[in-house]
């Protein structure tokens, strides 16, 4: 390097470490319509001011590093840096703050959830200045939303494909989740679909194991659903899990499902990864397959209240990446889910425009500009006594999925499916007649059980089942 070049590079450059807040804390900043906005729950280490912590998050998730570098002078930091533009304390929590960060859109590759998350929830979560960090919400600007395909088909197209309207859809996860042969698995699928369910489902960890290879499962399940369709006159589906060890193998399984003529396949989007999921969603749209999404591994990311990422962010990411269904919790079953918070991200999955509402955990107004919606799937420890509450909470545009609540029926799989279908039809009819499902739900189920022995037997088996545990965290 020549002396002249050295002199030029060193002009205005001072080596060393600067406080992040001098560059990245900008409370006067006016956010732009094109900015990606993030709300982080920040727990600073003792002695670290909240402004410095918020600025550190903005820096480490955008252009910053631990020291000043001379190459900063070769670009426009003001154009590309993230900015912490507001900080507020969290009510009732000691040393916790919500830090709002704005990111310029040019920081992100178009149509890539993978790239967006690599920046926003990447290395910054291991930053030593923070005791804990949680991403509570994201505002995805319209200009970025329009770079994504989103769900392969969406709610209305799915209803048209299935020719089913005016009620939630019914599903069942085949149990035991592991260990059945393909033929016995297909038998359970047939019995549940014949009994009145719309869908049956592979469990999330059913891929291609020694006891049941994927091709055998696909063949027996396809035979089962076509037989059930012929006998009931209704369109049926089974979520064939295409998740695999490589993207190439995943697409091979999706191709085989399409060749069989089945309507829907499935993917584990967190363990499989967003790149794989987006690729599969594109294939499904191009080839007329619905795509069911399981959220296995979500609690590793979202269960801690002060660290990780709230599921509403994962739900938004899924709507961008692509999926026609996604598991969303039940509010009433065996898995965690607070009612208002759950309904907040259910609206973010289904609705075209969602207003800011902090009481439901929605930190930003979100405009999806007609990106197709995603059906929330309520699944986990639910049975016929939960049907009125589920119908009232989730409404028509949902999938209610009863695994043990179908297959655990004392008379067998088909009667278990009948019991759930009768309970659902009774609840929908009662709601349409103006009855209050929240107040009269148990009575509605009892009335229906008088003319349905299958429902009466189910009511007796599960009358005392509750999943109520004191929260310890």
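Placed from the backbone N, Cα and C atoms, the Cβ positions cover glycine too.
These features come from Swiss-Prot:
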{"type": "ACT_SITE", "residues": "175", "note": "active site, proton acceptor"}
{"type": "ACT_SITE", "residues": "294", "note": "active site, proton acceptor"}
{"type": "BINDING", "residues": "123, 173, 177, 295, 327, 379", "note": "substrate binding site"}
{"type": "BINDING", "residues": "201, 203, 204", "note": "Mg(2+) binding site"}
{"type": "MOD_RES", "residues": "3", "note": "N-acetylproline"}
{"type": "MOD_RES", "residues": "14", "note": "N6,N6,N6-trimethyllysine"}
{"type": "MOD_RES", "residues": "201", "note": "N6-carboxylysine"}
{"type": "SITE", "residues": "334", "note": "site 'Transition state stabilizer'"}
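Around residue 295 (substrate binding site), a 10 Å sphere centred on its CB holds 23 further CB atoms from the protein chains shown.
For residue 294 (active site, proton acceptor), the same-chain residues that are 6 or more apart in sequence and have a Cβ closer than 8 Å to its Cβ are 204, 241, 266, 267, 268, 269, 326, 327. The maximum pairwise C-alpha distance among 123, 173, 177, 295, 327, 379, the residues recorded as binding substrate, is 37 Å.
The Cβ of residue 204 (Mg(2+) binding site) has 21 neighbouring Cβ atoms from other residues within 10 Å, across all protein chains displayed.
Residue 201 (Mg(2+) binding site) counts 29 other C-beta atoms within 10 Å of its own C-beta, drawing on all protein chains shown. Within 10 Å of residue 175 (active site, proton acceptor), as judged by C-alpha distances, the binding-site residues found are 203; the full candidate list was 123, 203, 295, 379.
The binding-site residues 123, 295, 379 include none with a CA atom within 10 A of the CA of residue 203 (Mg(2+) binding site).
Within 8 Å of the centroid of the Cβ atoms of 201, 203, 204, where the record puts Mg(2+), the same chain has further Cβ atoms from 173, 174, 177, 202, 205, 206, 239, 241, 266, 294. Counting every protein chain shown, the Cβ of residue 173 (substrate binding site) has 24 other Cβ atoms within 10 Å.
A separation of roughly 10 Å, to the nearest angstrom, links the Cα atoms of residue 177 (substrate binding site) and residue 201 (Mg(2+) binding site).
The most densely surrounded of the binding-site residues 177, 327 is 327 (count of other Cβ atoms within 10 A of its Cβ). For the recorded site, residue 123 (substrate binding site), the DSSP three-state label reads helix. In the structure shown, the C-beta of 379 has more C-beta neighbours within 10 angstroms than that of any other entry among the binding-site residues 123, 379. Cβ neighbours within 10 Å of residue 203 (Mg(2+) binding site), excluding its own Cβ and spanning all shown chains: 19.
Summarising the environment of residue 175 (active site, proton acceptor), the number of other Cβ atoms within 10 Å of its Cβ, over all protein chains shown, is 16.
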